C-alpha cells in the first residue's frame, strides 16, 4: 500500500472516505465507504461536485496502483509468499530476513551527505567532483511492458473469431474458455473438471497467462461458469467466454503463441468428433419468417393484427380445425396443411408482432413493385381474379346466387344503364388521363350514391378518405392513398346551395387546395406516420356529395358528374329484403361484377378472366333464367321483397 498513493494523497482520500488512517489498506472497508460517499457527494443528490471528482480521481488511482503492484510482485522470482516464511529463530528464518531487508535497504538508500559542522573547513573539490553530473529530478521513464504483461490485460485476439462477443446474454452453451493466470489456471482446470463433469478439458499457456478450455455434457450460461471461477479469482484477472466453434478454438490453442500443457483425453480433440447435436444439443426447428411472408402475400393481408390472428389459427391440428372438417374453403385447407408446423413455432415465438410486421412490409413492397412494373389494366384484371376466387368461396348454391342477383336487379332499378356507367368508369380509372380521372356522384340524402361508390371501391380496390377534416390533418389522411388503385372522397361538404338545410363544411375548400392531387399531372408527396414521404401520382376515383356548390376552379377537375335522385320503390324494396343489407350485398364488389357478367358480353372482359366469366354466365343461366330475373326487377319496381316468387 505504501507504493500506491503519496502520504498526502492517502490522508486526503481517507478524510473523504471518513475513515481513520489506521484503516489504510483495508480495501473491502474502503470500497464500502467509497460507494456510500458516492451517494452522499453525487451532485444529483445535492452533494458536493468538487469532492465527488476528487474522491473518484484518488480512488481510481489507488485501484490502478494496487493492480500494478500486484502484477510487479508476480513477476519477481525472489518474493516470498506467506506460506514460505520459515520458522522464527531458525537459520532459514535469519537468511530469509536478511534477503527481505536487503530489498528495502536498497529502496531506502539515500545518496545525500550530511552537512558538515561550522568549524570544519570545506575541502577543495576535485576535478572529478566538478565533472559529476547533478541528480535529475525528472520522473524516470516507465519500463516498456512486454507481451507477457500485456497478455493479462485482454482476451487473446487470436481466439476472438471462435468465441461469442455477447456481453449480456441468456444463451446456454456447452463449450467455454477461461483466461487467467498460470497459477489459477492449474486450480480451475481441476475444479471445473469436477464441478461440471466435463467431457473434455485442456489447459494451455499463453505468454505469462494460461487458458482452460472445457466441454460440458449439459448446457450452461456463460455467467454460471464465470461466477464459479470468480470464487477462485478474487484478485487475479479473469475472462470467461462462450465458444461458438469448439474445434476451431482448440486447434488454434495448440499452435504458437499457445502451448498445450495438459488435457484429460490423450490425443485431444479431432475434427470428426463434433456434430451439431453434440455441441448444441438436439436440433430445434426455427420459425420460418419467409413462409409467413408467403402466407401474407397469397392472401394479400396488410394488417398486422389480422395476419397474427389468422396465422395463430393455423397452429391447431388439421384434424381439429372446424373449417378444414367442413371443407368450405379449399384454400384454407391447403394453407393449413402447409403452414401448421410453422404456425406452431410461431405460437411459441416472443416476437410475433415483429415477424408479422416484416411480412406486412413484404406485402407492401410487392404491391409497390407491381404498381411500377404492371399496367393499370393488368392490375385491375388481377383484382377481378381475386374477386372471382372470392365468389367461388362465397356463392355456393342457388340461394346465394339468387341473393346476389337480387342486388343486381336493385342496381338496374337504380339506373337502367348502370352496367354502361360502370364500364365507362372502369375505362376512366384504367386510362388515368390527367384532368379526366374523377367522377362526382351528386344527389340528395338516401339517393344511392354512397352505395354505388362503396361497391365500385370494393370492386377496384382502394381506400375511402374523409376530406372534411381541418387542413392541418390532411397530410396523414391523404397518406392512406399510398400505393392504392383508387380512392373515394366520401360525403364532401361545402357551401350550401339550393338546399338550405344542409350543413356547411370545408371539404370543397380542401379539395380546391388539392388540384395537383385531382389532376394527376405531377407526382405529389404522400406521408404516413413512421414512414418516409412517398412521391407518386395520386390515385383516380370518385367524389360523393350532396347538393353543394362546386367552386369554379374545382369543376374542371371533374370528368363527369352523375346525378342521383331518391326513388321510393328502391327504399321500400330494400326495406322488405333485409338480407341485402345484413350481408352487405349492395356494397360488395362481387355484386357489381355479377352485374357486369350478366349484362356485358364476354369480349368486354380481359382475356385472362374470360374463361371464368363464361363459367359464371353458365352458372347464372342454370340457377336463374330471364323470366325469374324479370320477376325480381318487377318486385323492385313495385317496392316488394325482391326474392319473392310470382305464381305462374
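Glycine residues also receive a Cβ, built from the backbone N, Cα and C atoms like all the rest.
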Kindly point out the range from 132-139, 140-147, 148-155 that Swiss-Prot annotates with motif 'Nuclear localization signal'. 140-147
I'm validating the feature mapping. Which of 31-70, 71-110, 111-150 is tagged region 'Disordered' in Swiss-Prot? 111-150
Binding-site residues: 446, 447, 450 - member with fewest neighbouring CB atoms within 10 Å: 446
Using the structure shown, find which entry in 444, 448 (the binding-site residues) has the sparsest Cβ neighbourhood within 10 Å. 444
Determine, from DSSP, whether residue 446 (ATP binding site) sits in helix, strand or coil. coil
Measure from the Cβ of residue 443 (ATP binding site) and count the other Cβ atoms within 10 Å, all protein chains considered. 19
Packing count at residue 449 (ATP binding site) (other Cβ atoms within 10 Å of its Cβ): 25
Residues close to ATP site centre defined by 443, 444, 445, 446, 447, 448, 449, 450, Cβ within 8 Å: 546, 564, 566
For residue 445 (ATP binding site): intrachain residues, at least 6 apart, with Cβ closer than 8 Å: 546, 566
